[in-house]
């Protein structure tokens with residue numbers, strides 16, 4: 001029988017209305033009267049309660065909300081279902097044309113002590129049903145969630161778009177527009193990058209032990225295998241992030257996932273804005289608060305229930321910039337680890353696969369060779385007396401990045417110089433080379449502008465490994481084409497704007513390798529090695545640096561030559 005116009009309208013409205021969440025298959029059979037699953041909230045009450053979250057954060061109670069490790073599950077659809085969803089194994093994120101209905105939002109408001117996330121997903125459920133899943137709470141806590149079921153995709157996507165608009169102030173088709181200040185903002189996450197989260201499952205083994213199955217033996221020398229494991233160790237990567245910023249845990253206790261390169265770029269832009277504000281003679285604190293809110297909204301931090309601190313000095317800008325630098329390097333390391341996983345699938349040794357992905361050839365330098373002895377002397381003789389830690393070489397590798405010979409620019413005046421860095425950065429250094437900070441990054445902290453910094457004092461570079469007693473680190477010895485240097489006695493934050501005819505900056509130190517002929521050797525035909533020992537330079541008492549620094553502003557002026565695996569100790573007698 002044909003439906004009346006009134007009946008048709010009622011049916012259409014019913015298709016868009018949420019249905020009370022039903023018990024899953026493992027629950028008791030459904031009664032005639034629909035029952036809400038234990039712990040669930042009825043749709044109308046749920047929306048009301050959720051709206052309170054937008055203004056009051058009443059749901060953020062530490063005694064009920066804290067969890068150790070909400071994560072994103074492995075993806076079987078266009079995006080992973082949020083880990084907090086109890087039916088994630090039986091659901092798939094819904095996508096239509098170019099729209100994947102899955103977002104993670106974040107909002108920080110220092111004035112109201114807000115630091116919260118809000119996730120929205122449309123899920124395709126069993127029995128041709130659909131759901132709009134909401135997940136909200138304070139960053140660092142598991143938060144609360146709810147699921148509204150619909151008999152069609154239309155109802156679920158309508159609720160998704162409505163929630164997105166209410167939280168962000170933007171329509172769904174405006175999601176790529178600039179964020180509306182004071183509202184939630186879209187956080188871009190690499191939802192497929194879940195490797196670091198496995199540490200939460202008690203897995204602190206190296207990448208080659210992660211999948212228990214038969215794999216071929218490695219064809220690499222044991223020393224090379226060891227250093228590949230060293231730079232891809234999951235615990236090392238996670239701890240490296242925490243050592244810089246304890247409140248950023250790379251989403252091991254946050255649902256915000258791994259931030260994309262584009263999201264990190266926004267963080268750099270926020271820091272650059274803060275830097276510009278702090279350079280003013282008089283800075284309006286409200287502008288600092290606003291820029292800080294933007295930074296924490298783009299780069300979520302787990303701050304517990306403490307009020308987020310205003311970033312109001314250059315040291316804090318520098319620290320946050322270092323955090324972003326490290327997060328970029330960790331992204332590269334994770335990709336390298338995934339290459340190892342792919343190798344397992346293809347019956348390759350994972351260590352070998354990771355090694356190949358670096359596109360950098362290693363050769364162990366014999367401890368009996370002249371080059372090993374030269375590097376050993378170079379390290380010991382240029383160790384500065386003011387650096388109260390000891391360094392001892394464990395292994396030296398001669399390295400050759402595949403692209404560096406072709407791109408190398410030879411301005412002459414080439415030197416073999418030290419460069420130290422955290423272990424978290426070495427997958428990136430070996431695979432992508434030493435790089436200059438991106439244009440969007442602040443200049444704060446770069447004494448001679450944005451460039452690649454080197455030293456002729458081993459311990460000066462060793463400091464940048466941030467060594468701990470009885471731990472190992474890595475240093476690079478690079479061939480650096482200095483050309484005609486621009487001498488500087490003190491800081492010049494615009495030094496990257498070199499005068500015509502100059503190719504690098506030379507920050508002159510009060511101490512330098514001896515100028516005697518016996519103190520200099522050559523390697524690779526025309527590369528000078530300033531062997532030392534260090535001595536005070538009498539005519540440099542007005543220099544602000546204790547030790548020399550060399551800075552180039554073109555990555556093509558650098559060619560990696562050696563990787564030095566080093567043991568650090570507080571015992572100066574080792």
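In case you wondered, yes, glycine gets a Cβ from its N, Cα and C as well.
Because the structure is a prediction, the values reported are computed rather than measured.
Sequence annotations record features per position, and here TrEMBL assigns region 'Disordered' to 1-69.
If you look up TrEMBL, you'll see 42-51 marked as compositional bias 'Basic and acidic residues'.
Annotated compositional bias 'Acidic residues' per TrEMBL: 52-61, in sequence order.
The domain 'WGR' annotation in TrEMBL covers 90-184.
The domain 'PARP alpha-helical' annotation in TrEMBL covers 217-338.
Taken together, the residues of the coiled coil (261-291) have an average pLDDT of 93. Feature annotation from TrEMBL assigns coiled coil to 261-291.
For 349-574, the entry in TrEMBL reads domain 'PARP catalytic'.
Long-range contacts of the coiled coil (261-291) within the same chain: residues 110-111, 181, 187-189, 298-299, 310-314, 317, 320-321, 324, 327-328, 331, 438, 440-444, each at least 6 residues beyond the stretch ends and with a Cβ under 8 Å from a Cβ of the stretch. Counting residue by residue with DSSP, the domain 'WGR' (90-184) contains 26 helix, 41 strand, 28 coil.
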